[in-house]
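J.: Have a look at the structure that comes next, please.
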Amino acid sequence: MSKIVIVEHPIIKDYLSKIRNKETNTKEFRNAVKQLSVLIGYEATRNLKTQNIKVQTPLCMTQCEELVNEDITIVPILRAGLGMLEGMLELLPSARVGHIGLERNEETLKPREYYFKMPGNYETMQTFVIDPMLATGGSAVDAIDKIKEKGIKNITFICVIAAPEGVDRLKEAHPDINIYMGTLDDHLNEKGYIVPGLGDAGDRIFGTL
Ligand code: PRP
Ligand code: URA
């Protein structure tokens, strides 16, 4: 059964207030997105498999668990998804990284693909697709279409802020994937921006305002 989870935590709420604030500068914004990625990613990786290992402590042998060395790939949707990559790699330092370049046309709101590169072993791969914003859902749906075309089945989408319209669209197009978010906002405005949102995530992460 796929999951749709809003990760509730006071520290997440605190960082969300920082990224929403238009006075937050690029350095603080980037750091807050990174921290949010760790916190939301922590919950999104809760079902990773572990295996038993024996460990010698300074006092005795004991039974512990370690992560199974699974084939995990993190897939940021460029550009803004790159802002979440460092945080996700802190959780999963051995993960591979695929890249999908998508840019939303400001008039039609449809995404245009300009880059796609995924590492191999598609059959067994477990993917975490990351993008801070799930607005109309067009970019997430297209990215996951492309990933599925490769034969990849195990897909989790992680975002920071989602709009109800985007969640509905993604759920309808890909009912089998898990969706994790830091918060679910109110609505999209006529320009396809999430309200209250944070403005343009890519511009705020990369200082291209
Ligand atoms: C933003 C965001 C998502 C997309 C969400 O990227 O990072 O990828 O918009 O909108 P959607 O759900 O309506 O598709 P944008 O296309 O602005 O590109 P950027 O990351 O390069 O700024
Ligand atoms: N992309 C963004 O960066 N922000 C929004 O509010 C919607 C799409």
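Even glycines carry a Cβ here, placed using N, Cα and C.
Annotated 5-phospho-alpha-D-ribose 1-diphosphate binding site per TrEMBL: Arg79, Arg104, Asp131, Pro132, Met133, Leu134, Ala135, Thr136, Gly137, Gly138, Ser139, Asp200, in sequence order. Taken from TrEMBL, the feature uracil binding site applies to Ile194, Gly199, Asp200, Ala201. Positions annotated as domain 'Phosphoribosyltransferase' by TrEMBL: 7-208.
What does the local environment look like for each feature on the list?
T.: Residue environment of Met133 (5-phospho-alpha-D-ribose 1-diphosphate binding site) contains 26 other Cβ atoms, counted within 10 Å of its Cβ in all protein chains.
Gly199 (uracil binding site) falls outside any helix or strand according to DSSP and counts as coil.
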J.: Near Ala201 (uracil binding site), how many other Cβ atoms are within 10 Å of its Cβ?
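T.: Looking across every protein chain shown, the total is 25.
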J.: If you run the three-state DSSP split on Ser139 (5-phospho-alpha-D-ribose 1-diphosphate binding site), which class comes out?
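T.: Once the DSSP labels are grouped into three classes, Ser139 (5-phospho-alpha-D-ribose 1-diphosphate binding site) ends up as helix.
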J.: Between Asp200 (uracil binding site) and Gly137 (5-phospho-alpha-D-ribose 1-diphosphate binding site), how many Å separate their Cα atoms?
T.: 15
J.: Which binding-site residues from the set Asp131, Ile194, Gly199 have a C-beta atom lying less than 6 Å away from ligand 1?
T.: Asp131
